[in-house]
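Comments concern the structure below.
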Amino acid sequence: MLLLTSPAQRSIVVIGKENTGKSQLVASLTGCLPYSINFRGSTIACDTYVGGGLTVVDTPGILYRSDRITTQAALAQLEAHDTVLLVIKATHVDEDLADLWPLVVGKRGIVVITFWDKASQAGFTQQIVQCWDQTSNLAFIPVDARHLTPAQHHNIRAALQEPTIFSSRQPILAGWRIEPRPTLLEHPQFGWLVAIILLLLPTLLAVWFANSFAAVADPLMQALIQPLIDVLANIPLTLPREMLIGRYGLLTMGPLLWVWAVPTVILYALCLGTYKASGLVERITVALHPLLHPLGLSGRDLVRVVMGFGCNVPAVISTRACSSCARKTCMSAIAFGSACSYQFGATLAVFSAAHRPGLVIPYLGYLTVTTLVYTRLIAPKSARSRHNQLMIEHRTFLERPRWATIWRETQGTLYQFFTNAIPIFVAITLIASILDQLSLLSAAASIIHPLMQIFRLPPEAALPMILASIRKDGLLLFAEPETLSALTPLQILTGVYLAGVLLPCLVTALTIAREQSLRFALALMGRQAIAATCFSLILAWGGYWCSGALANEGHPSSTSSDLWQFHAMTELPGLRARTETYANTEFSSFLPRPRLFGSVPKLIEVGVAVL
C-alpha cells in the first residue's frame with residue numbers, strides 16, 4: 001500500500017533510536033492515533049499521524065546498526081519541502097548524536113531532546129543546548145515527551161515552520177551519560193533467566209485468564225445461541241445449513257473465537273502494552289541479546305514471537321518495526337513456533353481428553369527447542385554478524401506506565417486483530433464448511449493416509465493434519481474417542497506437534513503474503529513443512545527407540561516386535577477402556593481447571609533499584 005500524500009504536501013519525518021519517546025512525542029503533537037503504511041512506495045512500513053494540521057511519519061526505531069541503512073532509504077524519499085524531526089535522548093545525547101547525525105546531514109529539520117527531566121534531575125542546565133543552537137543554527141528543544149507542556153508544544157510547532165539545514169559539523173560533546181541503577185535484569189549470571197520469566201509471565205497470565213473466562217462464558221454462550229441453532233437446523237438447503245451450524249459452521253466455531261481467542265488477545269495486548277510503556281521491553285531486549293543474537297534475533301523479536309501466543313496476526317504485523325535483516329526470520333519464527341490461542345487451547349484439550357495433561361511440558365519444551373533450531377537454520381548471516389550490534393545496549397529508565405500510553409500501545413494490536421484476523425477467520429470458516437460438505441477434506445485426508453505411517457501414526461491422524469493446516473483448532477479431532485483409542489502417549493505428542501507446526505494456519509499465511517509477497521509466503525510454508533517433517537520424525541522415531549531402550553533394560557530378551565506388544569498391552573487397552581467421550585462435550589470442558597500461578601563521558605546513576 002502506498003502513502004497517499006500528494007507531492008506538494010509537506011511531511012515531517014521522525015527518526016530516532018528505539019525507546020527515545022518518538023511515538024509518545026508525535027502522539028502528543030498530533031493528538032491522534034497512527035495508521036501503518038509504506039512510505040512513498042518504499043518497503044519501509046511507517047506509522048503515519050495526520051492531525052493538528054500536521055502529517056507526521058514515524059520511521060521504525062533504530063535497534064541495530066544495520067537499521068541505519070533502512071532509515072537512510074526512508075530519508076532518500078524526502079522532497080525538498082519535507083522536514084526531519086531528529087529525536088535523541090538526553091541521557092545518552094553524545095552517543096545518539098554521533099550515531100544519527102550523519103543520517104540527516106544536508107536535510108532540513110529540528111532536534112528534539114527527550115528525557116530532559118532525567119538530565120535536569122542530575123543537575124544539568126540548558127547551557128549546552130543554547131550552545132548547540134548558536135553553533136549549528138538549528139533548533140534544539142529539550143522536552144519530557146510524557147508530559148509535553150503547552151510551551152514546549154508551541155516551540156516545536158514554531159520550529160517546524162522554519163527548519164534549517166543539518167550541517168556536516170556535529171555539535172560539541174555534552175560530556176555526560178546518565179543511566180539508572182542496575183536491576184536483576186542486568187545481573188551477569190541470571191539476568192537472562194529473569195528476562196525469560198518476565199517475558200513468559202503474560203503468556204501464563206493470559207492462559208489462566210482465558211481458562212477461567214471460558215469456563216464461565218462458554219455455557220452462557222451456548223445457552224444464548226442454542227435457540228438460534230434450533231431454528232437454523234430447519235433450513236432446507238444443506239449447504240447454507242452446514243455453513244452456519246455444521247461441523248465448521250459460523251455458529252459452531254464462532255463461540256470458540258469469542259470465549260477463548262478474544263479474551264486472550266485482549267489481555268495479552270494489555271500486558272505487552274504495559275511492558276512497552278514502562279520501558280521493560282528494552283531491558284528484556286538487552287538482557288536476552290547475547291543469547292538470541294547467534295540465532296539471528298533480538299530480545300524485541302522474541303517479544304513478538306511470544307506475542308503470537310495470543311494471535312499470530314498482530315504478531316506478524318508488529319514485525320514492521322523489526323530490523324531490516326531480521327523481519328523475515330521473525331515472521332518465520334512466529335509462523336512456526338507461536339502457538340496461538342486456538343492452537344494452544346486445542347492442544348490442552350487433546351492432552352486433557354487423553355488423561356495426559358502432563359504432556360504439555362514435553363510439548364512446550366520440544367516446540368521451544370525446535371523453534372530455536374529452525375530460526376538458527378534460516379537466519380541470514382547479516383542478522384547473526386558480530387558487527388551488527390545493538391545501538392541501545394545501555395540501561396533504559398523504567399517508568400510507571402500511564403493508562404493513556406498503555407492504551408495507545410494496545411490499541412494497534414487490537415485493531416489489527418479485529419480488522420484482519422476476524423474477517424479472515426469468518427472466510428476460512430465458510431470455506432471449510434463448503435469443503436467438508438463436498439467431502440474434499442476427507443478425500444485429502446485419504447490421500448495422505450499412507451504418509452502417517454512414516455511418523456508411526458495411524459490413518460485416523462490424517463484428517464486432523466488437514467484441518468489444522470487450515471485452522472489450528474482442527475487439532476481437536478485428535479480428541480475424538482476413536483482417534484485417541486488408537487494412539488499411545490508418544491503418538492499423541494507427535495501428532496499434536498506435527499499438526500501444529502506443519503503449516504501456518506491460513507489466517508497467518510495470508511497475513512504474511514500481504515505483508516511480504518505471495519512468493520515469500522509460499523516459500524515460507526514449504527520450508528516450514530520440511531522442517532516440521534524432520535523434527536516430527538526425530539520425535540516419533542527417537543521417542544520410539546528411547547522407549548524401546550528403556551523397555552529392553554527391564555526385559556533384555558525382548559525384540560522390537562515385543563516392544564510393540566508391550567505398547568499394546570500397557571497403553572492401548574487403557575485408552576480403549578475409557579468410555580468418556582470428550583469430543584462431544586463443550587470446548588471449555590477440555591480446558592484444565594484454572595490455577596493461580598571522544599572525551600570520556602561522566603556516568604551518573606540515578607533512580608532507585610527495582611526488581
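Glycine is no exception: its Cβ is also placed from the backbone N, Cα and C atoms.
Under the heading domain 'G', TrEMBL lists 12-100. On the 0 to 100 pLDDT scale, the domain 'G' (12-100) averages 75 in this prediction.
Counting residues 6+ beyond its ends, the transmembrane segment (190-210) has Cβ neighbours under 8 Å at 184, 260, 263-264, 267-268, 271-272, 275, 280, 283-284, 287-288, 290-291, 299, 302-303, 306, 309-310, 341, 344-345, 594-597, 611 in the same chain. Feature annotation from TrEMBL assigns transmembrane segment to 190-210 (among others).
According to TrEMBL, the feature transmembrane segment maps to 257-275 (among others). Only residues 6 or more beyond the boundaries of the transmembrane segment (257-275), in the same chain, are considered here, and those with a CB under 8 A from a CB of the stretch are 198, 201-203, 205-207, 209-210, 213-214, 217-218, 221, 281, 284, 303, 307, 309-311, 314, 340-342, 345, 401, 405-410, 413-414, 417, 422, 425, 587-588.
The feature domain 'Nucleoside transporter/FeoB GTPase Gate' is assigned by TrEMBL to 259-350. Residue counts for the domain 'Nucleoside transporter/FeoB GTPase Gate' (259-350) under DSSP, split into helix (H, G, I), strand (E, B) and coil, are 76 helix, 0 strand, 16 coil.
Within the same chain, residues 206-207, 210, 256, 260-261, 264-265, 297, 301, 304-312, 315-316, 319, 360, 363, 367-368, 370-371, 374-375, 468, 471-476, 478-479, 484, 487, 489, 492, 496, 500-501, 504-505, 508-509, 512, 524, 528, 531-532, 575, 580, 582-583, 587, 590-592 sit at least 6 positions outside the transmembrane segment (333-354) and bring their C-beta atoms closer than 8 Å to a C-beta of that stretch. Marked as transmembrane segment by TrEMBL: 333-354 (among others).
If you look up TrEMBL, you'll see 360-379 (among others) marked as transmembrane segment. Only residues 6 or more beyond the boundaries of the transmembrane segment (360-379), in the same chain, are considered here, and those with a CB under 8 A from a CB of the stretch are 294-297, 305, 326, 329, 332-333, 336-337, 339, 347-348, 351, 493, 496-497, 500-501, 527-528, 531, 535, 539.
Residues or ranges marked as transmembrane segment by TrEMBL: 417-435 (among others).
The transmembrane segment feature in TrEMBL is assigned to 490-512 (among others).
Remote same-chain partners of the transmembrane segment (524-545), defined as residues 6 or more beyond its termini with a Cβ less than 8 Å from a stretch Cβ, comprise 331-332, 335-336, 366, 370, 373-374, 377-378, 454-457, 490-491, 493-494, 497-498, 501-504, 509, 512. The transmembrane segment annotation in TrEMBL covers 524-545 (among others).
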